[in-house]
Amino acid sequence: MKALLDLFKQVQQEEQFDAIKIGLASPEKIRSWSYGEVKKPETINYRTFKPERDGLFCAKIFGPIKDYECLCGKYKRLKHRGVICEKCGVEVTLAKVRRERMGHIELAAPTAHIWFLKSLPSRLGMVLDMTLRDIERVLYFEAFVVLEPGMTPLKKSQIMSEDDYLAKCDEYGEGEFVAMMGAEGIRELLRGIDIEKQIEQIRAELQATGSEAKIKKFAKRLKVLEAFQRSGIKPEWMILEVLPVLPPELRPLVPLDGGRFATSDLNDLYRRVINRNNRLKRLLELKAPEIIVRNEKRMLQEAVDSLLDNGRRGKAMTGANKRPLKSLAEMIKGKGGRFRQNLLGKRVDYSGRSVIVVGPTLKLHQCGLPKLMALELFKPFIFHKLETMGIATTIKAAKKEVESQTPVVWDILEEVIREHPVMLNRAPTLHRLGIQAFEPVLIEGKAIQLHPLVCAAFNADFDGDQMAVHVPLSLEAQMEARTLMLASNNVLFPANGDPSIVPSQDVVLGLYYTTRDKINGKGEGMTFADISEVIRAYENKEVELASRVNVRITEYELVDKDAEGDARFAPKITLQATTVGRAILSEILPKGLPFSVLNKPLKKKEISRLINTAFRKCGLRETVIFADKLLQSGFRLATRAGISIAIDDMLVPPAKEKIISEASAKVKEYDKQYMSGLVTDQERYNNVVDIWGAAGDQVGKAMMEQLQHEDVVDRNGNTVKQESFNSIYMMADSGARGSAAQIRQLAGMRGLMAKPDGSIIETPITANFREGLNVLQYFISTHGARKGLADTALKTANSGYLTRRLVDVTQDLVVVEDDCGTSNGVAMKALVEGGEVIEALRDRILGRVTVADVVNPETQETAIETGTLLDEDLVDLIDALGVDEVKVRTPLSCDTRYGLCGKCYGRDLGRGVLVNSGEAVGVIAAQSIGEPGTQLTMRTFHIGGAASRAAVASSVEAKATGTVRFTVTMRYVTNAKGELIVISRSGEALITDDHGRERERHKIPYGATLLVQDGQAIKAGTQLATWDALTRPIVSEYTGTTKFENVEEGVTVAKQMDEVTGLSTLVVIDAKRRTAATKGIRPQVKLLDANGQEVKIPGTDHSVTIGFQVGALITVKDGQQVHVGEVLARIPTESQKTRDITGGLPRVAELFEARSPKDAAVLAEVTGTTSFGKDTKGKQRLVITDLDGNAHEFLIAKEKQVLVHDGQVVNKGEMIVEGPADPHDILRLKGIEELAHYIVDEVQDVYRLQGVKINDKHIEVIVRQMLRRVQVADVGDTKFIPGEQVERSELLDENDRVIAEGKRPATYENLLLGITKASLSTDSFISAASFQETTRVLTEAAIMGKTDDLRGLKENVIVGRLIPAGTGLAYHRARKAREASERERAQAIADEEQSLFIEPPPVVQATTEGEGDNA
């Protein structure tokens, strides 16, 4: 019996563990793992194929080859389990122990572990405080290191060459000092380190020193030494005396046909080590000359190096075929390594894949599964059923039965499959909806049938896509698949909360066609009693589908809910003016939706909104049924509509010729201006591109207008316009296929094309596809089309990598509690840019939790309490009240440690309710941001390379009626013509309404001409200012006569003779292209007054000096009279490149990587008054004097645009030098909230440009993870080192502990880490190692003796536990609670026994002990 129980024990190794620790192994530890020493390099006997004794595959050390059978065959079968054969020394046990038993090699000379030597920064170097170069010279026998100086003047750990050593020996005598070479020397040095003493010394030096570099160096060394002290790891273990040998099954030797063997490279590497080791042993026994021994030791060191990490030092060892051998390090790192290949992504049983075809008759929760596939996938279930039914007695018989595919097997398959969901997955799985569960329906054929509505979520189409099927086996898995993953339970996108089951293409076309209305259709104006009458009339061809008629329609209104929570509806009959098609369609409306939602042409956006409304009003079940009905109706009606397209549907607008000839004339005009030198070539190009862009838009507009409307005669005989029934127009208008841009290419003009580098070719393609292109036009258009395809191929990889980094940084962020109780939040406003509302307030706060009461602005009463989740109805209320700012909770200010709380996150967008505890919101955020990235890269090539340019604004007009107000920063002067010229760079114009509330604000650029006054009342549509969009001016703020300085031709400026026009302009040349002597001087102009004195800045004795930037075209002459507001020079702006997501994806990556841009803006460090100090060479000195009178200096390169002027007051964090913002500066000067604003807005800009909706909270979640580390400023009484970077949660925990003891807590500064850096610096070394830089991460963790608490998802997947999210979180919590209660119980029992045994009579004691044994 006991043997049987032991058998089971072997199978179940369910050890529970809560953390994994990594460290360095001591030689004793390595020997304790080992089952014997490998002494010979042999592998297996090539005749008998049996492993050689004491060799690399020795059965005595590693275990038997066959289960329960020793090598010589003396002991076989189970009854001899555990016996060790006296003949061959092999233990009789399972063969799989060869996967876990290790051996060892006793090294004849110690060798250094290459990771601790060469992985930067060198750990050995840090501990010994020696340079890597020196240590390498010692290890590879090029130099001696002094161990014991004795009485000599030598220093400990001093390096000397061999000649030096001999000379010193002669000088001081043989035994006066000890010096060694090789790993032995280093080992002795390490042994001699007194860690405690070193730490004290370094701490003292840290206090004493003031130099930054030294502090950094000491802190690094201190960290390593303290880690050694804390973990109890001895530094000398970095030198190996015993080398462990990997179990043989993990480095297999596989016989190929033809008597050859395929072997793992590790065997070669081990063989080399053993050979060299044995040779060295022999040489030492023979007392060989020092030089030979030394050489052999060096070779041994090199062999061990290659085994551990081949190619890290020197040349990689190569095998017979000249390729480098794969070492142990390569086994674990990279995409094909242990982590990413076998631990994070495994192949699974019970799965299959096949092509998908459309299944229009399926319900949303079903998929069609080919019978043969199902038979294979559900085999074990069928076997079981066959046995229980008594048809087959054994598994073998059952197998036979299934293979013969008898009719009874098919019946059983039907039964087994019922109610058993399967999971379908389409690669690439970019977000949660890439795997969904369906109930299988058996079908003939070999292709999987997929429901059309889930295609959007899978991003699938039926042009040959394949999908994989997986079978959830256990009951729990089936339950989870059904409740959480069933397609009908996932109808919203987790990225933005929109419905994912929206019909597309022909369904949309059918619904649109049905719900269009037509003037004077057959039977217009008839009145019907009910819908069935309409259907009768339609079927008898009395009315057309689009005719306008009146129908009595029954609507169901929600009355209330009864006790069970089921809704009760009351019918309400009204006469509606509608069309035949809409009336017929109204039959499928779910109860609770009014008819008005259908009483309009259903375009794709409308249908999406309709499904969304249904979901919010009628619940999930009704919505799914409704979507299915919509689909069926759409298909049916599209078929009935019979829409097709012909070449005649592409109507070319008659105005096209005229528009094109006008544009050509304008272009010729610009060419003339260029010839006569009024404009530069760059300006001409910009203008030409603009003209053609506008012409293309005009043609497009004319074409759309013609397509859009047609003239018809109404009932009264009048001619009226109605929306056209042109097929192409209907397809584009309904959103079924095609876009205005594509139609423009068919029937308008193709327009401007882009070159592969993104610049626009200035000659447009004036033809369209209907007229056909000539050869030149075709050639130009191939450019763009090919670029689209090439881009797609290259960018998909980038996007996938971005997603990988995002997932890695957020994978451990899980909702762990319902409410953290914080009172912090962020004030949300509508996003307004250039007077347009880009994102309404309602969209930004929907699904968030309020953190302050929302107050009715009219009555000042509380409308919505704090802590309320804002749903659609409440958002409508806020809209109606006219509230323009709401303070809501955000993931950034959540106080939960090691996770998030539900209230700060708000609504789970994929489910439409408050987020559940255990939801892995980090991964969802990462997927929501990464998934569209891939989509965007693939979308480029559909337009076929036609250039899309953002039109340049050259004026700004008011959208609202109201009063103009200028901000305090707005400064302007009046020029000679009486125009107002803006001379501030950050001025804004506001429009306020009668109540003084701000309606819109507009930035007015430098050099613009203002057309309104401060305080002027204006009407909507009034122009506020105009400016030249193609150049930036430099404007004079004073009147006087110009006096040039350093404007020397050929030195600082070049005379650009335009070879075409023969005219010249002065252009400032780049300092980098000047000679060394003239680099520092900069061309500038001063102004002289009437007396010839320099004009001074009022209130100072600084002269007015206006510098010319690089590339500026100087428009004034020396000695010319200039007025205030006159233009002195123009700087041409760069020509436009086409903006698409290429600019986008790298931009998003750059934001999340928190890279400092080059030429970043300079922000004011303090609030104060600016002034200019003395210029140094090449730099200008800007001084800000703060309110206490302290001066802060900034040195700014002279070619930079300074945005402030003398005497201006600036606020902390305000931009003073133009340039892109540096996120690190924003965080430092303006705080977390501003930084989050900046990143969220910038990322959203990129996606918005592509029309992709992502909820802000996903980006905020990522920003939270980028901010999760802090830098310790003042240590207080905590265990940290100053300047150390630690997890915020860890620091707060430590502070709590210190405060509880009444000591001083540590203070810290926020740190912003890029996503890669944040992933690598996570506390979990398993997660970091599986991400990137595996070697470095593991080396560091081992030295630190790090413990991984398995908090994140990734670590748990790798060690094979349930992840602590979703149902796994509940499981882990229950397990921990159970363990705690068991511990308490054990403690209680122990205490009880303790109390019972105060004076125990001997008899009682004996019985108690006896019971203990029996129990």
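A Cβ is built for glycine as well, from the same backbone N, Cα and C atoms used for every other residue.
For C70, C72, C85, C88, the entry in Swiss-Prot reads Zn(2+) 1 binding site, with the evidence type sequence analysis. Per Swiss-Prot, Mg(2+) binding site is recorded for D461, D463, D465, and the stated evidence type is sequence analysis. The feature Zn(2+) 2 binding site is assigned by Swiss-Prot to C820, C894, C901, C904. Annotation source Swiss-Prot lists region 'Disordered' at 1382-1415.
Listed in sequence order, the residues of the same chain lying 6 or more apart from D465 (Mg(2+) binding site) and placing their CB within less than 8 Å of its CB are V355, I356, R426. Comparing Cα positions, C894 (Zn(2+) 2 binding site) lies closest to D461 out of the binding-site residues C85, C88, D461, D463. Nearest by CA distance to C904 (Zn(2+) 2 binding site), out of the binding-site residues C85, D461, D463, is D461. Counting neighbouring Cβ atoms within 10 Å of each of the binding-site residues (C72, C904), the lowest count belongs to C72. Each residue in A59, L71, G73, K74, Y75, E86, K87, G89, V90 lies on the same chain as C70, C72, C85, C88 and has a C-beta within 8 Å of the C-beta centroid of that Zn(2+) 1 site, without being one of the site residues. The binding-site residues under consideration are D461, D463. Their Cβ neighbour counts within 10 Å are lowest for D463. Around C70 (Zn(2+) 1 binding site), the C-beta neighbours below 8 angstroms that are at least 6 residues distant in the chain are A59, P64, K76, V83, C85, K87, C88, V90, E91, V92. Neighbour counts of Cβ atoms within 10 Å were compared for the binding-site residues C85, C88, C820, C894, C901, and the top value is held by C894. DSSP assigns C904 (Zn(2+) 2 binding site) to a helix in the three-state reduction.
Looking only at the binding-site residues C72, C820, C901, the one with its C-alpha closest to D461 (Mg(2+) binding site) is C901.
In this structure, the CA atom of C72 (Zn(2+) 1 binding site) is 60 Å away from the CA atom of D463 (Mg(2+) binding site). The Zn(2+) 2 site is defined by C820, C894, C901, C904, and by the 8 Å test on Cβ atoms against their centroid, the other residues of the chain that qualify are E817, D819, T822, R889, P891, S893, D895, T896, L900, G902, K903, Y905. Apart from the site residues D461, D463, D465, the chain places the Cβ of I356, A460, F462, G464 no farther than 8 Å from the centroid of the site's Cβ atoms, the recorded Mg(2+) location. Rounded to a whole number, the distance between the Cα atoms of D463 (Mg(2+) binding site) and C820 (Zn(2+) 2 binding site) is 49 Å. Cα spacing between C901 (Zn(2+) 2 binding site) and D463 (Mg(2+) binding site): 44 Å, rounded to the nearest whole number.
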